[in-house]
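See below for the structure under consideration.
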Amino acid sequence: MTTFGTTPDKAAIRAEAEALFAAFRATGAVPVEADILQPAETLLDLYGEDIRARAYVTADPLRGEMMLRPDFTVPVVQAHMAHGAEPARYCYMGEVFRKQEHAGPRASEYMQVGFELFDREAPEKADAEVFALIQQMLAPLRLRPATGDIGILMAAVRGLSTTDRRKAALLRHIWRPRRFRALLDRFSGRAPMPPARAALLDRLAADSAEALMRAAGPVIGLRSAGDIAARAASLIEDARTPPIAAPEAALLYDLLSLQAPAEAALSHLRGITPMLPAIAPAVDRFAARLQALAYRGVDITHLPFEASHGRTSLEYYDGFVFSFHAADPDLPPVAAGGRYDALTAVLGQGRSIPAVGGVIRPGLVARLKGGRG
Amino acid sequence: MTGAMLKIGVPSKGRLMEKTFDWFGARGVTMQRTGNEREYSGAVDGIEGVELVLLSAGEIPRELAAGRIHLGVTGSDLVRDKLADWPRQVAELAQLGFGHADLVIAVPACWIDVDTLDDLDAAAAAFRRAHGHRLRIATKYHRLVRDFLTENGVADYQLVDSQGATEGTVKNLTAEAIADITSSGETLRANHLKILSDGLVHQSQAVLFRSLAADWTGAEAVTLARLCDRLGLAAA
């Protein structure tokens, strides 16, 4: 493991972790343990191949590919789905492991202390509880909070007047801003159709997909002639689909760049809701969350809000997202979390439960307390 | 004496070795294999203090990173794929102008609907829905290919390791697409594969690298300056 001159020693970090863990337990959260070795397949299916660049993969002679846990969320959700009562509050403490591809100050092994809340009744109140709890615990460090809400973006995409196929493509890439932008540019007519696509459509107008395939070469591999013909048909359908109307697209571009204090952001969202009515329920939830945050003493007049916050992290947050940052921009967030309802559905095999949680890095807390941040 | 020798790692056989010898020879530094045909030992003439180390091209990046050789000739693709954060571990002294090969993403030619990475991404999403697993791409260049696909926002794929005969994996049903080195595209065409129009991952060629981890505190630094002078390179 790489160590750095300013890093506090492990004993100090563990002591800090114990203190944070005790604070979570004091709220009535049930402590849970998780295996360090996690089945790689589950994580790969959730996060895709990118996780391989970030998690340590190892081979177990009997269980196959395993990963050193890159976070606790997945095992905690699995444990809850298997035998948890509701509502439930869990806390945990332990090392997580993240491979670093670039030399620098980012640790490859560090402690996390976390809190997860599973509650069907009042999700916005649950969001506020987790945020306010972590903010309070870290108050002496005077960190800068950042918040966002991926649920509003998703609602805006679902409300577009276009085909389900285009909406699904946009939703699938909501966590990849660059690809999302490229798709939106194309669907709204801002970017031209690639020349090869236009040529293919011309050929499909003159000939069947099957005939074109026969001319191109033998069908090899698991992706069948049927798969190829189905996508060719969807390309023809997509070419006939009119572009997303300019005013609607403009609202989505506006939403992507929305950045304002939370209360002002709410007014702005209320202002555009009549033109994008599909976001109304998500905006109502945002309003209810702000109310719940204010009730817990959070200063919502100054709380920073960015509609795109959290879009580049691991792709499971689908609602409220938050993080707390030190003054040094080179440091990773001291704490981060969010809502991940959809993840519980994926892991729950048919069942799901609204869930929100967050983690704190005691190593950074200890470092900042030591005045070395 | 050996302690102060500047060690230069060169591919131990084939065209890459011959071309490397030619490149140095044209600049007045003669390299040759010594001993019998099967023995991996060599000698350098025309400059004092340089020791030739014959190695597999694939091992040269690792030896450079460990600092066990001072200089090494190998493909730019191998350095980028095998070394994390490679510019912190090695520096390029000269591109040698041979060993050209492109690392490309290729799919079956019958995929009339797939020409770009954008198409590949959409096909991967549909494939996963239809077949229940992520679309497999066979390669031995894991880091280069994964970084390239991440950079371009391609999802729902998985890399499967293939150390040889990668072009055959699609027909053998162990992968749906491949990422491999090609120079003329001949083998790809023979296996009914086509290159994506924006599927060029890396244009590789043989490069003379300098290790940043090797010991440069003694006579090696002076030897390097003399060698660079002889080779007509700006000293690094």
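Note that the numbers count up from 1, one per residue, in the order the chain is shown.
Any Cβ shown, glycine's included, is placed from N, Cα and C.
Here TrEMBL flags A:24-362 as domain 'Aminoacyl-transfer RNA synthetases class-II family profile'.
DSSP classifies A:TYR317 (L-histidine binding site) as coil under the three-state reduction. Within 10 Å of the C-beta of A:TYR317 (L-histidine binding site) we count 27 further C-beta atoms, all protein chains included. Marked as L-histidine binding site by TrEMBL: A:ASP71, A:PHE72, A:THR73, A:ARG98, A:GLN112, A:GLU116, A:ARG311, A:TYR316, A:TYR317.
If you compare every pair of Cα atoms in A:ASP71, A:PHE72, A:THR73, A:ARG98, A:GLN112, A:GLU116, A:ARG311, A:TYR316, A:TYR317, the residues listed for L-histidine, the longest distance is 21 angstrom. Taking Cβ-Cβ distances under 8 Å and a sequence gap of 6 or more within the same chain, the neighbours of A:THR73 (L-histidine binding site) are A:GLY114, A:GLU116, A:TYR316, A:TYR340, A:LEU343, A:GLY357. In the shown protein chains, 20 other C-beta atoms lie within 10 A of the C-beta of A:ARG311 (L-histidine binding site). A:ASP71 (L-histidine binding site) counts 19 other C-beta atoms within 10 Å of its own C-beta, drawing on all protein chains shown. Confidence across the domain 'Aminoacyl-transfer RNA synthetases class-II family profile' (A:24-362), taken as the mean pLDDT and rounded to a whole number, stands at 93. The Cβ of A:GLN112 (L-histidine binding site) lies under 8 Å from the Cβ of A:ASP71, A:PHE72, A:TYR92, A:MET93, A:GLY94, A:GLU95, A:VAL96, A:VAL359, A:ILE360, A:ARG361, A:PRO362, each on the same chain and at least six residues away in sequence.
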